[in-house]
Amino acid sequence: MINLRKTHPLMKIINHSFIDLPAPSNISAWWNFGSLLGICLVIQILTGLFLAMHYTSDTLTAFSSVAHICRDVNYGWLIRNLHANGASMFFMCLFLHVGRGIYYGSYLYKETWNIGVILLLTVMATAFVGYVLPWGQMSFWGATVITNLLSAIPYIGTTLAEWIWGGFAVDKATLTRFFAFHFILPFIIMALVIVHLLFLHETGSNNPSGINPDSDKIPFHPHYTIKDALGWMLLLLVLLFLALFSPDSLGDPDNFSPANPLNTPPHIKPEWYFLFAYAILRSIPNKLGGVLALLASILILLIIPLLHTANQRSMMFRPVSQTLFWILTANLMTLTWIGGQPVEQPFIIIGQLASILYFSLILILMPLAGMFENYMLEPKR
């Protein structure tokens, strides 16, 4: 009997992507995050769909509809907590996935990397518009502050901001369109994920050594399906722990108050996963400069493949680059901390120094380290 999974037009695609896919024999747990992100996306879409059934995108009822979901809908509190904390898990996996790509030189698969950066931006946009929907104080003021940044664009800025708002300030029209965006974007993300995988399967996976693994490949199933399943269980364990025992620990207390345009919260700040970019934005006193730095902090990922100077792909055998990579990691944690602090000394100067170090590491120090390592590996007479 002919094996159906190898002949059926649809099953054949799944078979070549997840079952008989030749995978390097030495990929570590750092390669689990792709599948974990897939699981996160599915969880977010399913929980989001059930939330959308009960949510109303109107300024008068949005806040109370979220309260209604938590109080009156069967397991509504659980669905909402899973969705809110699922976003945090999503970004945690995203940052680790990108970090893995930088450490092991996966960015040299340029198409896959570029689609990945577009995916990151799309997920960030989705999370931003989603945070506005509960229409609490931080939702409203976060939306006001971030959309206001568009007005820094010369000539067309104010018009652009009012166009996004659908009026002269963040109001009913803004909330309605943000709900529409928040609903459609995850499906766009799903399409981009398929393109991301399509490009990845053109080249095959990278591996920790950075050496071409073609001479030693193993089938994806059962080796990596089992390994991924362990990752899913650990992810669900952490997510359920967060959602059941500490659902509000990553949120902002101000969001328990309904949005009030007449009362500004003392410290306006986004969710934790945007704090590093927010710190870079705030570290520049000029509004337009801050917006450009904010964009550059993410878009800099697009030029990382061009800054690769080392003869080796992976950082596995490059101690100088490794040191700089972990300094970059610590620097991003510092920026995340600074983003949540008030705008006063010493936080201002720490944020400015951390921002300078962030760009210096990626644009100058890491390429120089690659060149230095090449020089050190050259045979000397």
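Any Cβ shown, glycine's included, is placed from N, Cα and C.
Under the heading heme b b562 binding site, Swiss-Prot lists His83, His182, citing similarity to another entry as support. What Swiss-Prot records for His97, His196 is heme b b566 binding site. Annotated ubiquinone binding site per Swiss-Prot: His201, in sequence order, evidence recorded as similarity to another entry. Residues or ranges marked as transmembrane segment in Swiss-Prot (evidence: similarity to another entry): 33-53, 77-98, 113-133, 178-198, 226-246, 288-308, 320-340, 347-367.
If you look at the transmembrane segment (113-133) against the transmembrane segment (226-246), you find fewer than three C-beta pairs under 8 angstroms, all six or more positions apart, and that falls short of contact. Taking only the Cα positions, the spacing between His182 (heme b b562 binding site) and His97 (heme b b566 binding site) is 23 angstrom.
Beyond the transmembrane segment (226-246), the same-chain residues lying 6 or more positions past its ends with a Cβ under 8 Å from any Cβ of the stretch are 29, 32-33, 35-36, 39-40, 43, 78, 81-82, 85-86, 88-89, 93. Long-range Cβ neighbours of His196 (heme b b566 binding site) (same chain, at least 6 residues apart, Cβ-Cβ under 8 Å): Thr112, Ile115, Gly116, Leu119. Neighbour density around each Cβ, counted as other Cβ atoms within 10 Å, peaks among the binding-site residues His182, His201 at His182. Around His97 (heme b b566 binding site), the same-chain residues six or more apart in sequence whose CB sits under 8 Å from its CB are Phe33, Gly34, Leu37, listed in sequence order. Nonlocal intrachain contacts for the transmembrane segment (288-308), taken as residues 6+ away from its ends with a CB within less than 8 angstroms of a stretch CB, comprise 98, 102, 105, 107-108, 110, 113-114, 117, 120-121, 124, 149, 152-154, 276-278, 280-282, 355, 358-359, 362-363, 366-367, 370.
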